[in-house]
Amino acid sequence: LTENQTSVSIFLVVGLSEALEPQLLLFLIFLGIYLVTVVGNIVILTLISSDKRLHTPMYFFLANLSIIDIIFSSVTVPKLLFILVTAQKSISFSGCLAQLAFFQFFVVAECYLLAVMAYDRYVAICFPLNYTLIMSRAVRFGLVATCWACGLLNSVIQAISISHLNFCGPNRVDHFFCDVTPLFKLSCSNTWIGETVFMMVVVLAGMGPLTFILVTYGRIISAITKISSSRSRFKTFSTCASHFTVVALYYGSGIFSYVWPSITYAMDKDVKVVAVLYTIMTPMLNPIIYSLRNREVKEALKKAMGISRTK
């Protein structure tokens, strides 16, 4: 590693611990989680595409969430698995920048998609007669395209911000993947502008959709309380339960992963544990939550299993 005039070209990703030898038990655990994530989300995608009962706006958005979750986990987990099984922690600057860019793309796309899914439930519950008219094919595709575009914009902004920084050493990334906050800590440049832009993104792309979701759910709950039948109230709220659980997991862990390190400027073990929940566990839990809490998905799954048994 050279300093002063020569820039760092190789980073060392610490991973989950300082261990210098392979960690086979952790490798097997995270490999299992990754396989469950990919298979679970592929199952959701297959059910939605094959069962006509699931060809509705709600499941169109859920299919997009599954696509994002597959790619989202694939950005961080394979490199982590490589570190755990080989104890080789090096990554090139371009590789680190690419991982950061893809991660920032999908983390923001999912934030906005969760807000869109909340809006979909709001329209379905508060305007049931106009639901299909409001959530037309053009509107659905437009909303999803906007989510992906916001993710792309954030990815470009963060990648440009980091690429303009100088890294003179040390080269030790105190995380299990390359992300914005740990790289700011390593830079020998003035990071004030980059950090300001990053915090603006956290507020606009993170807290903005979260505020929208909370306001939307406030209106949904208000509408549900006006339903006279308790059975109908429960049935209506159960359609939102899966989404609300996913939002609570994603934003709860995400806020702690980003806001806390930004305040303390450190990546302690607790933050890494929460980051695992945010980046690795949530994509795995999403299809499980929707399968267990959603009647239509459970029925489609039973139907598919029945067909496979008959065959």
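Glycine is treated like the rest: Cβ placed from N, Cα and C.
For reference, TrEMBL has these:
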| type | residues | note |
| --- | --- | --- |
| TRANSMEM | 24-48 | transmembrane segment |
| DOMAIN | 40-290 | domain 'G-protein coupled receptors family 1 profile' |
| TRANSMEM | 60-85 | transmembrane segment |
| TRANSMEM | 91-117 | transmembrane segment |
| TRANSMEM | 138-157 | transmembrane segment |
| TRANSMEM | 197-220 | transmembrane segment |
| TRANSMEM | 241-261 | transmembrane segment |
| TRANSMEM | 273-292 | transmembrane segment |
Confidence summary for the domain 'G-protein coupled receptors family 1 profile' (40-290), mean pLDDT rounded: 90
Cβ pairs under 8 Å between the transmembrane segment (60-85) and the transmembrane segment (197-220), at least three: no
Ranked first among 138-157, 197-220, 241-261 for CB pairs under 8 angstroms with the transmembrane segment (91-117): 138-157
